[in-house]
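Engineer: Mind looking over this structure? Questions follow.
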Amino acid sequence: MRRRDLLARGALYTVLGLGLLVVVGPFLWAVLSSMKPEAEIRRIPATWWPEVFTLGNYRELLSRLDFPQAFANSAIVAVLTTLGNLAFCSLLGYALAKLRFPGKRALFLVVLGTLMVPSMVTFVPQFVMVSNLGLVNSYGGLILPFLATPFGVFLMRQYLLSIPDELIEAARVDGAGELRIFARVVMPLCGPALATLTILTFLASWNNFLWPLVVATTEDRYTLPVALALYSVGQNRIDYGLVLAGAVAVLLPVVIVFVLLQRHFLRGIATTGLK
Amino acid sequence: MTRHRRLGTAAMLAAVLVLGACGRDSGGGGDAAQPVAEGKATGEITVWAMGTEGEKLGAFAQEFMAENPDAKVNVTAVPWDAAHQKIASAIAGRQTPDVSMLGSTWMGEFAKTGALDPTPEGVDRGAFFPGAWDTTVVDGTSYGVPWYVETRLIYYRKDLAAKAGVSAPTTWDELKSFATAMRDKGGAKWGMNLQPGGTGSWQSFMPFAWSNGADLTEGDAFTLDSPQMTEALAYYQSFFTEKLSPPTDLSLQGALEQSFVNGSLAAFISGPWHVSLLNEQGGAGFADKFAVAAMPRKQSATSFVGGSDLAVFKDAGNRDGAWKFVSWLSRPEVQIKWYQTVSDLPAVQGAWSDPALSGDPILATFGEQLKDAKSPPAIPTWEQVAAVIDGEVEKVAKSNADPAATARTMQQRASGIGTGA
């Protein structure tokens, strides 16, 4: 009996280990290869451990682009976008889940409907609107269009549905106003959903490439992915060393955010049953 | 313009073009070129440029500012990756800079939005390579000037050629026997790499079509099913059926340079950027092992000319300053200096007499080839038509499709898209 357990466990770990290798392998290769010279990266068959270890790619990256500025732009945009989503998506999600008002169903359908429209379709009209507002090349233009997302609203609504009405009614009987109920009773129960929303929004904003590229018209407004694309991909050649070093530089903050929030994140996924 | 520039979806482009065309007089044809004021440039000139050009142009323009003390050039570097989309959106949102670098095959599309300012009188078209100048001309009006050029040559291994007892091919027949000898006697696995389809393979195929007297359009109609085109397709196909060219795209796998360096590939067609790539990856001494040769002759020996143009936008806040900056960049001595700064080949013919260019055998070959080099017609639908050609070339190369039938399909699909006229 015990032996069989051990065997089963061994098999399980083998399968999991293989899965891990498939998922982490390319990532690991990218990190290791970012420390190889260009010729070694392109070599076939590829090498794992760098034969010649160099930080040249990172040095070139740092010397050719204004890394602190691009990093700061990315951080400002990602943090403000995330805060906006946390505030607006939870407010609208609460209204759609728990309040009774005329047109609620229609409003929810509109939110769901916008979720179906591919972003490519709205891209140019959105840019024209931002341009008419005079927000081109400003943080406003980079952040405003993403302050609330239909997906975030949907996520919050679904989670809020699971919160018992009795709690809210009890608070109402005690004389609390709607905003007070929202802030003091409902939000503290939404930790996992908020953590999920934080990670998803932060990731999307941090990795966004096309919008900041088009809206930022001077280099001092470029976010990290845009600034990194500047020098690594040429018209006729790709500098793989710079691409990989850049990818690692963009990835690190996201990994840190994920590690910090992962406990909540995993719980959020389990309990909302979404994504 | 080449493979690594990724375009957005066609739907998005269509939206941009429609939006761009709204509320403006339609471009092309009727545009009249306005003169540029005399005297020195003044005020702020905003410039967008891609990649290395964008990185280096700011410092390079110091000299222009020294000549024109009241002018200030502000350069924004734009990543190549999505430059097309950025410019298209900027036109739609009327947020264009004064001057922008534009890929030479984008001119038709952007000129048709009506956003580009026609080239003023007084710009000497004869100073530029004719093939490069043609990229700026849309419906008979020029909308910019060529900035730098590139063209395609045959790169081959000198040592393998010596072993095989062949010299650089000058005709189509010689190219075939050259590739065969490289494989059978030179010891290479593949005698000659031609791109077997995929994005940008039209740039690899069209030189053969042009050299055979075929043309893409006549007036507003495509001429993709001409006998000359069919013959060129059949010739291109024979390299694959005779196992001279690899059936998979080596450059997509990042294996082109390595195969050439280790001798399994004896020759390929590419532009000037491959000189430095090969020297980097081949290591010391490899520079002596390869050489370049002009495209082989059939009726002509025509190659593809690419590169970038400089265009001024109609919405430019500083139009006069913008054109003055553009014409400064077109001076032969400035073009030579620019070559020395970023290795861009000059679009101005006068710059090529400088020993920095004419003294180098590889560069001199590029300079010779540029005199017989063509670009596709500057039509707004070009990128879509190019995708059709790419797809059909792939069928010819990989699945042995009949060249005549393929030419007919190409013609049919391209006509369905239209020339946008």
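Every residue, even glycine, has its Cβ placed from backbone N, Cα and C.
I grabbed these lines from TrEMBL:
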type: TRANSMEM; residues: A:12-32; note: transmembrane segment
type: TRANSMEM; residues: A:70-94; note: transmembrane segment
type: DOMAIN; residues: A:71-261; note: domain 'ABC transmembrane type-1'
type: TRANSMEM; residues: A:106-127; note: transmembrane segment
type: TRANSMEM; residues: A:139-160; note: transmembrane segment
type: TRANSMEM; residues: A:181-204; note: transmembrane segment
type: TRANSMEM; residues: A:240-261; note: transmembrane segment
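Surface or core, plus neighbours and distances: that's what I need for these features.
Structural biologist: Residues 46, 48-50, 244, 247-248 of the same chain lie 6 or more positions beyond the ends of the transmembrane segment (A:12-32) yet place their CB under 8 Å from a CB of it.
Within its own chain, the transmembrane segment (A:106-127) has Cβ neighbours under 8 Å at 92, 96, 145, 150-151, 153-154, 157, 210-211, 214-215, counting only residues six or more beyond its boundaries.
Taking Cβ pairs closer than 8 Å, the transmembrane segment (A:139-160) reaches residues 73, 76-77, 80-81, 84-85, 88-90, 92-94, 96-98, 108, 111-112, 114-115, 126, 130, 133, 186, 190, 192-193, 196-197, 200-201, 204-205, 208, 211-212, 215-216, 221, 223, 268, 271-275 in its own chain, all 6 or more past its ends.
Sequence-distant contacts of the transmembrane segment (A:240-261) (same chain, at least 6 residues past either end, Cβ-Cβ under 8 Å): 30-31, 33-34, 36-38, 41-42, 56-58, 60-61, 67, 75, 195, 198-199, 202-203, 206-207, 224-225, 228-229, 231-233.
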Engineer: Given a Cβ distance threshold of under 8 angstroms, which distant residues of the chain, six or more beyond its ends, lie next to the transmembrane segment (A:70-94)?
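Structural biologist: Tertiary neighbours of the transmembrane segment (A:70-94) are 111, 139, 142-143, 146-149, 152-157, 159-160, 182, 186-187, 190, 194, 197-198, 201-202, 205-206, 212, 220-228, 253.
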